[in-house]
Ligand code: TXA
Ligand code: MG
């Protein structure tokens with residue numbers, strides 16, 4: 001299959017592909033998603049196949065507005081959900097709620113009695129869902145286990161030949177996936193950190209728990225996706241937590257005569273010697289979050305053995321960045 005790159009104005013073409021039961025990658029404010037008709041189990045199965053994704057990992061249902069959610073979700077958490085939707089939608093918050101029995105297929109929910117709903121803050125995709133008239137499922141549009149795509153060319157690299165089209169809307173603004181909050185428990189719980197953090201959520205709701213501890217292989221994770229190896233380049237990523245350690249870390253790897261790339265803010269990069277591959281994370285944790293996945297992809301070329309990547313404090317908006325970087329590094333940190 002030829003994969004077509006569509007302009008962000010070619011919404012009707014994209015909707016026509018979806019209506020034919022084909023897969024279309026779509027832009028969001030976080031990362032690109034791999035879209036398919038959420039109401040057709042046969043095409044939802046193709047999403048898993050294209051990504052190589054384990055089938056027990058449920059998908060997010062993307063909607064063009066709250067009214068679309070209530071066709072599928074039951075009303076038990078409606079007051080709470082509406083508070084969150086009013087405050088954060090469209091935006092990078094995915095809300096998990098119980099669904100009306102039989103309303104969404106097992107292919108979407110992974111057999112759970114809940115589903116994840118999200119209204120992305122991207123006008124192209126909101127128009128696409130409106131034009132299509134039904135919700136679309138959308139995991140990140142990468143090969144399972146690889147960094148999520150923040151550019152159309154990342155999607156093309158991983159999935160060309162396997163999907164009908166990519167709706168290209170330029171680079172994504174945030175770069176890390178949405179915050180996932182589960183309402184179907186006693187205290188609303190963050191299952192995946194994102195750019196909306198617990199302080200943001202506490203302005204709107206009374207209580208929130210965080211549950212993004214490392215899930216072991218035998219444990220049944222609350223968000224099934226959290227147990228899989230993720231965002232992993234072929235090169236070994238090493239996190240440098242203290243920016244004053246970069247000089248020494250680089251010297252050690254140069255002495256080992258291995259190939260190495262450095263991913264850091266400009267302040268640090270300007271001290272990095274010539275001849276070492278570099279990728280700029282910009283100025284701060286916000287630009288670093290936006291650039292992280294693109295950096296992992298760019299530095300992870302055929303000959304790269306190690307990537308030294310800058311760490312940021314695991315708090316507030318840094319929690320999302322740290323979560324993704326730690327997964328890509330298998331929690332490997334530089335120790336001097
Ligand atoms: O920003 C995003 O959320 C992107 C864009 C494309 O919207 N999408 C995305 O989807 O990151 P995905 O499939 O890569 O991540 C969805 C996460 C997974 O960890 C999955 O296990 C969890 O949400 N999830 C989905 N439905 C769930 C449910 N009913 N209960 C618990 N976890 C669920
Ligand atoms: Mg993903």
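For all residues, glycine too, the Cβ spot is worked out from N, Cα and C.
Because TrEMBL annotations are produced automatically, they should be read as predictions rather than curated entries.
TrEMBL lists 53, 57, 114, 118, 140, 192, 231 as ATP-binding residues, and of the candidates 105, 148, 210 the one it assigns to that same site is 148.
Put simply, residue 62 (L-threonine binding site) is 17 Å from residue 148 (ATP binding site) when counted between their Cα atoms.
Taking Cβ-Cβ distances under 8 Å and a sequence gap of 6 or more within the same chain, the neighbours of residue 118 (ATP binding site) are 60, 61, 62, 63, 93, 94, 95, 178.
Those residues of the chain, other than 30, 62, 178, with a C-beta within 8 angstroms of the mean position of the L-threonine site C-beta atoms are 28, 29, 31, 33, 60, 92, 94, 118, 120, 138, 177. Residue annotation for L-threonine gives 30, 62, 178. The furthest Cα pair among them is separated by 13 Å.
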